[in-house]
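First comes the structure, then the notes that go with it.
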Amino acid sequence: MKRERGALSRASRALRLSPFVYLLLIQPVPLEGVNITSPVRLIHGTVGKSALLSVQYSSTSSDKPVVKWQLKRDKPVTVVQSIGTEVIGTLRPDYRDRIRLFENGSLLLSDLQLADEGTYEVEISITDDTFTGEKTINLTVDVPISRPQVLVASTTVLELSEAFTLNCSHENGTKPSYTWLKDGKPLLNDSRMLLSPDQKVLTITRVLMEDDDLYSCVVENPISQVRSLPVKITVYRRSSLYIILSTGGIFLLVTLVTVCACWKPSKKSRKKRKLEKQNSLEYMDQNDDRLKSEADTLPRSGEQERKNPMALYILKDKDSSEPDENPATEPRSTTEPGPPGYSVSPPVPGRSPGLPIRSARRYPRSPARSPATGRTHTSPPRAPSSPGRSRSSSRSLRTAGVQRIREQDESGQVEISA
């Protein structure tokens, strides 16, 4: 009995200690490994600038870690691999001179390109540790948004029009997202306001007077946000618009008619002035040629008159019709009585302009020629009906004319010599 009681007591004690033994058996033993942390999981980079993929690791080992950065694609691309900060192997050409490693395992990428965008994975391991630490960081690379502008076909619209379209346009920028503002506030939900799938185009259907306002758009991407200048959209009532358009059309028509009416006469007057100028030039050229020819011929005619005074007298006698009708009175009218030894010669009406001008100074005549002049004055008058008398009168007239021409030539020579 005593033996049975002792066995039961030992068994009960063993059952009491079994939970503690079980706990000791299932408690895990701490394993050595690398723990990696990162302050950010998403980094936004700008083309041409730098991005820091920051990480930190902890380990019980004091050895240098082996760090490996990869860019996850369909086939992972190794960016860099190092022991501590010392690069192992050769870098890819597209990453050469653009990366830098730090002691905590962080990676700095310089001169970012659009191709650098993606998910980066870092692996850090130490030889004494059993497990390797891993961490992923997402990197986006974008181009900043340039200032947008709202494009419209016209800033004025007629009330109750079918549709009116506004387009938000910009030159540069990647991954843009668009937001429309009315009077600086986001558009309210309205069935008349229709947006394109990318929200770049705003269409207002059945325009109302309340749509008369300032409109602008905001374009943004992960690295920038830019707002356009507002555009004023003016909505006219149909009646007022008709008045404005009709008035403007009438004014434009009147202006065109006035311009056309003024332009045509001016064109004709220009042609007329041009023809008159040409005619005047031709007339002046003809006058110059005629004056030159007259200047060449006048001196010669004067010389011929001096050389042949009888011919000049005959020509003048033919031109005149009075000497035959009153031959007795004409010699007296041509000469006037004067002091003895002087005679006054009448001016010759048909004298050529080429002859020299007589001086006002008078010179005494030769006494040998005065009787001829006296005979001319003392000749008795004859009846005009007698043929013999007309012949003698014409002869005396010719003699007196020749005598006067000779006296004029002599006086001209005396004046020239003086």
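Here the Cβ of each residue, glycine as well, is placed from N, Cα and C on the backbone.
Straight from Swiss-Prot, the features:
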- 287-308: compositional bias 'Basic and acidic residues' (COMPBIAS)
- 341-358: compositional bias 'Low complexity' (COMPBIAS)
- 385-396: compositional bias 'Low complexity' (COMPBIAS)
- C168-C217: disulfide bond (DISULFID)
- 148-234: domain 'Ig-like C2-type' (DOMAIN)
- N35: N-linked glycosylation site (CARBOHYD)
- N138: N-linked glycosylation site (CARBOHYD)
- N167: N-linked glycosylation site (CARBOHYD)
- N189: N-linked glycosylation site (CARBOHYD)
- S280: phosphoserine (MOD_RES)
- S321: phosphoserine (MOD_RES)
- S352: phosphoserine (MOD_RES)
- S379: phosphoserine (MOD_RES)
- 271-418: region 'Disordered' (REGION)
- 1-33: signal peptide (SIGNAL)
- 34-240: topological domain 'Extracellular' (TOPO_DOM)
- 241-261: transmembrane segment (TRANSMEM)
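Structure with Swiss-Prot features highlighted.
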| residue | record | contacts (Cβ under 8 Å, 6+ apart) |
| --- | --- | --- |
| N35 | N-linked glycosylation site | Y57, S58, S59, G133 |
| N138 | N-linked glycosylation site | R41, L42, I43, G118, T119, Y120 |
| N167 | N-linked glycosylation site | V150, L151, V152, K200, V201, L202 |
| C168 | disulfide bond | P148, Q149, V150, L151, Y178, W180, K200, V201, L202, C217, V219, S228 |
| N189 | N-linked glycosylation site | none |
| S280 | phosphoserine | none |
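Note on the transmembrane segment (241-261): residues 158-159 of its chain, located 6 or more positions outside it, place their CB under 8 angstroms from a CB of the stretch.
In this structure, N189 (N-linked glycosylation site) belongs to neither helix nor strand by DSSP; it is coil. The Cβ neighbour count for C217 (disulfide bond), using a 10 Å radius over every protein chain in view, is 26. The average pLDDT the prediction assigns to the topological domain 'Extracellular' (34-240) is 91. In the three-state DSSP reading, C217 (disulfide bond) counts as strand.
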